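Below is one structure, written out as structure tokens, with a few remarks after it.
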Amino acid sequence: MVNTFVRPDQRTDGLTPLGSRRARIWTMAVACMGVSLVIASMVALNTALGDLAVATSATQSQLTWVVDGYTVVLACLLLPAGAIGDRYGRRGALLIGLATFAIASVAPTVFTSPLQIIVARGAAGAGAAFIMPATLSLLTAAYRNDERMKAVGIWAGVAGCGGVIGMLGSGALLYFWPWQSIFWAFTASAALIFVLACTVSTSRDEGATPLDWPGAALIGGAVAVFVFAVIQAPERGWSDPLVCGLMGAGVVLAVVFGFVEVRRRHPLLDVRLFRRPDFATGAATITVFFIAMFGFFFVMMQFVQLVMGYSPIQTALAFSPLMLPMLTFSVLSQWYVPRLGLRVVVFIGLLLIATGFLWVRALEVNSPYLDMVGPLFVISSGIGLCTAPTTSAIMAAVPDEKQGVASAVNDATREIGAAVGIALAGSILATRYSHLVAPHLQAFPEPLRGPAAHSLAQALEVSKTLGPRGEQLADISRDAFARAMDSSFLVLAIVIAVAAALIGAWAPGRDGQQLRPVRQLTRRIRRPGGRA
């Protein structure tokens, strides 16, 4: 069996771990706390948007950017932030990120206009861009190869559970305190981790080269423009000229970035890494299962709260079973991956996610919670199977002195996948819901039809003003939402299943080699004229 997570030329056995075993465990604890804070912050505010809208008079578009402003800034700054950490020190980058995150998170408790909150969330995203790659690169620098996979597995498992942790925390806070308590919790958590991070050993690229600022600007612009377009797609439509134009611009900037990086002596990212099957498999799989995970969260959180009638804290507890399979499979990855190989692991993992999406379509308006547990377990098992091996594959393909950039690639694929997942699932859900509920609204007053057709949440608010007929509107709207959810998960299941087949065919196996037909095809493509 071949270890598919370590390059033949990668310096691992000769590396001296940073400090004692106790120091390495402490580094892992701090790294896991940092990454869980970043991921939790992506999800936690969803439970408070209703209260925030009432308190600040924010429009629906402004509420969207309270959440997405964080994601856009985080995604576009990840690669430059990872490179800065490699050059100047990863602990320093982590501390800068935590300080920025803490200050930006306390701002919404003082400045409470929607625009000010959006700006503060963007600043928090900038801080998170320094935190996320630094946590993983500090961890991989601290552990030798024989322990590195286990450490990365634990980090990846915690990162996968970060969304559930965010829901649990925000749900508990809102049960006792107002929406500002979430921002105070972010600030306190970042301040605590800052103090703890001061005690961990640092690492950096000892042969540091000049930072590639043109490359940083190009890839930052490409990611920002593309993610912005994806976020706008559910509202404007995927065929909207602005959305298509921005997506095209993002792709063009990414292609230009590739051409520039190939010709630079010290590139921000060696784009030729994507020719490596392990690196490409890791990046593609992470993107796909984050599309699945955040699309699932976006739809199911609404179903549980609006259809099943759960409170924020009950919703968080309902999703908590997701954490056990994610953590278990991530921690055990060092045992099953060498035996099965990356190809089999990602293929099975993605197929499990697709199967879970097909199973969850059986849920109906009156389904009990127990009917949701089975699909939750299958989906989270698939995510858990993929999480640690794909992260390890990316990190192992990159020299040890460039672990910050490798971590940033790992993180950027997560952010892009999350944005695409929410946009894809959300646009299908909104379109189908409006189509299904519209014919039934003709019997209701015309001023109420628009809001009721826009979303289930608005339909339920409208139903409270209709007296005896309100329950009829609520039932019609919930049924339309359940059927629209069915369509969303069917499309997601097809996308994930197709991705499983394509990535499974491309990925290296237990021997570290691709399938023979794939190897022969790639050799022909790389040769001039395509001739063997």
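Note: Cβ is positioned from N, Cα and C throughout, glycine not excepted.
The feature domain 'Major facilitator superfamily (MFS) profile' is assigned by TrEMBL to 27-511.
Residues annotated as transmembrane segment in TrEMBL: 65-85 (among others). Note on the transmembrane segment (65-85): residues 38, 41-42, 45-46, 49, 52, 58, 92-94, 97, 114, 117-119, 121-126, 128-130, 132-134, 137, 204, 211-212, 216, 219-221, 223-224, 227-228, 231, 268-269, 404-409, 411-412, 415-416, 418-419 of its chain, located 6 or more positions outside it, place their CB under 8 angstroms from a CB of the stretch.
The feature transmembrane segment is assigned by TrEMBL to 92-111 (among others).
The transmembrane segment annotation in TrEMBL covers 117-139 (among others). Sequence-distant neighbours of the transmembrane segment (117-139) (same chain, 6+ residues past either end, Cβ-Cβ under 8 Å): 27-28, 30-32, 34-35, 37-38, 41, 52, 56, 58, 62, 65-67, 69-74, 77-78, 80-82, 84-86, 90-91, 93-94, 96-105, 107-108, 111, 151-152, 155, 186, 190, 200, 202-203, 391, 395, 403-408, 410-411.
Residues of the same chain lying 6 or more positions beyond the ends of the transmembrane segment (151-176) and with a Cβ under 8 Å from any Cβ of it are 24, 28, 31-32, 35-48, 51, 135-136, 139-140, 142-143, 182, 185, 293-294, 297, 301, 311-317, 319-320, 322-323, 326-334, 383-384, 387-388, 391-392, 395, 414. Look at TrEMBL and you will find 151-176 (among others) tagged as transmembrane segment.
What TrEMBL records for 182-201 (among others) is transmembrane segment. Here the transmembrane segment (182-201) has Cβ contacts under 8 Å with residues 18-19, 23, 26-27, 29-30, 33-34, 37, 41, 44-45, 48, 91, 94-95, 98-99, 101-102, 105-109, 124, 127, 138, 142, 169-170, 173-174 of the same chain, all six or more residues outside its ends.
The transmembrane segment annotation in TrEMBL covers 213-232 (among others).
Within its own chain, the transmembrane segment (238-259) is flanked in space by residues 215, 218-219, 221-230, 232, 271, 427, which lie at least six positions past its ends and keep a Cβ under 8 Å from the stretch. Per TrEMBL, transmembrane segment is recorded for 238-259 (among others).
Summarising the annotation, TrEMBL assigns transmembrane segment to 279-301 (among others). Note on the transmembrane segment (279-301): residues 43, 46, 160, 163, 167, 273, 315, 319, 342-343, 346, 349-350, 353, 357, 360, 379, 382-383, 386-387, 389-394, 397-398, 409-410, 413-422, 424-426, 429, 485, 488-489, 492, 495-496, 499, 503, 506-508 of its chain, located 6 or more positions outside it, place their CB under 8 angstroms from a CB of the stretch.
Taken from TrEMBL, the feature transmembrane segment covers 313-333 (among others).
Taken from TrEMBL, the feature transmembrane segment applies to 340-360 (among others). Outside the transmembrane segment (340-360), and at least 6 residues removed from its termini, the chain residues within Cβ reach (under 8 Å) are 4, 278, 281, 285, 288-289, 292, 296, 300, 372, 374-376, 378-379, 381-386, 389-390, 393, 489-490, 492-494, 496-497, 499-501, 503-504, 507-511, 515.
Positions annotated as transmembrane segment by TrEMBL: 372-398 (among others). Cβ atoms under 8 Å from those of the transmembrane segment (372-398) belong to residues 4-7, 10, 136, 140, 148-149, 152-153, 155-157, 159-160, 273, 276, 278-279, 281-283, 285-286, 289, 292-293, 296, 304, 318-319, 321-331, 333, 337, 342, 345-346, 348-357, 359-360, 363, 405-407, 409-410 of the same chain, restricted to positions at least 6 beyond its ends.
For 488-507 (among others), the entry in TrEMBL reads transmembrane segment.
Nonlocal intrachain contacts for the transmembrane segment (213-232), taken as residues 6+ away from its ends with a CB within less than 8 angstroms of a stretch CB, comprise 64, 68, 71-73, 75-80, 83, 240, 242-247, 249-251, 253-254, 256-257, 260-261, 264, 267-269, 412, 415-416, 419-420, 422-423.
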